Amino acid sequence: MTDLTSLTLAEARDGLVNKSFTAVELTDAHLAAIEAARVLNAYVLETPDQARQMAQAADAQIAKGEGGPLAGIPLGIKDLFATKGTRTTACSKILGDFKPPYESTVTSQLWRDGAVLLGKLNNDEFAMGSSNETSCFGPVVNPWRRAGSETKLVPGGSSGGSAAAVAAGLCLGATATDTGGSIRQPAAFTGTVGIKPTYGRCSRWGIVAFASSLDQAGPIARTVRDSAILLGSMAGFDPKDTTSVDRPVPNYEAAIGGSVKGMKIGIPKEYRLDGMPAEIEKLWMQGAEWLKAAGAELVEVSLPHTKYALPAYYIVAPAEASSNLARYDGVRYGTRVNGRNIVEMYENTRAAGFGAEVKRRIMIGTYVLSAGYYDAYYLRAQKVRTLIKRDFEQCFDQGVSAILTPATPSAAFGIGEKGGADPVEMYLNDIFTVTVNMAGLPGIAVPAGSDSQGLPLGLQLIGRPFDEETLFSLGDVIEQSAGRFTPAKWWA
């Protein structure tokens, strides 16, 4: 029998419908894989009993011919999504053993469509990080290794658990969130596909907030088709989220294999960085040639305010985080450390509950919002954000269908290798991705090649607002040209 954990989500869906195997068998195969891969630390909570119950229910629905689009498909859920009655911590000590009394809109839509919950996935604490090293549960280990090396590598962040679990065959797909690259960067580091949809495409209700004007949920999966299938279930209007946009959800899967003939693909000159590795530059040009061979037209474009995006992002995001994280005080839920009075209790709780990177960003955010610095920093960053958005609008107004860039400035690096003395070194990982969040646009990362040490590298496609379909069509061209990337199993 085929190893059920090696199937794509689309193959598993078809196998379930054709009765080649049952949802319970598919779920059990993934639960066994999770148990054998605990060294990767991808899951922070496993839910085997719940998973089997959901799989049995899916089998019953399939038998009656009433299975939903994801009936029996085992998924992992980033620990930022509220799951009713199931521990949700954002991988922070401050939330302790919090069990939400409600379900996030995105996960409730996945369960509505018949998906199975395997467990909660590791992430950077409150989604603040680019390497999944800030989690209170410890770092996630990338299933990929450098050729001939046993050095443990990061999977990227903040959705490192999601990307590692998908790459290692520990789920058929995973939910993730992206505030400045947290879907696309880990996807690139693990040879998986990750799409950050247009801001407002997926509901943020029930997702622990980092920076509310930047956060967006999306899927990580093994193929472009799988990510399209998942986004179809995750997307949709939600009146409970004031930033949710009321637009019909297209059939994203139908975009796979769609013609890209005549599409204009922008190559932004500002993304050619000084000191960019030759491998990344070569891969970028190779991706452009693949799209050209499929009938697309390449045009050089200019996004002049790109160089200001990273500093502006690291003002806007911490400012919003400092406001959002003020709700964690130990009074109604989560960890509480008592003090002589309520102010001391707040101080003790936050000192013990928040990790170092979260504290750093709260401090930065509070500083840039303070009376003396608001105009100099926060207001100026918002003006830069408007200019970045305008750059993209002008580009798309010239008939450009999508923009092709590298996804990351390097392949995965070693755990503990970056950001120790200088946090900016870590922040630079987001250099190709933050502009997309600042402008509220959709972006997809697709694996496109390997570096000299055999590690996967990804390319990013940036699209017009609510035109994820074009990204899926173009992403499919890259995937068909580059092939799929699967790590050699060393952990079991």
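Glycine residues also receive a Cβ, built from the backbone N, Cα and C atoms like all the rest.
Feature list (source: Swiss-Prot):
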- Lys78: active site, charge relay system (ACT_SITE)
- Ser158: active site, charge relay system (ACT_SITE)
- Ser182: active site, acyl-ester intermediate (ACT_SITE)
For Ser182 (active site, acyl-ester intermediate), what is the tally of other C-beta atoms lying within 10 angstroms of its C-beta?
37
Using DSSP and collapsing to three states, where does Ser158 (active site, charge relay system) fall: helix, strand or coil?
coil
Through the lens of DSSP with three states only, how would you label Ser182 (active site, acyl-ester intermediate)?
coil
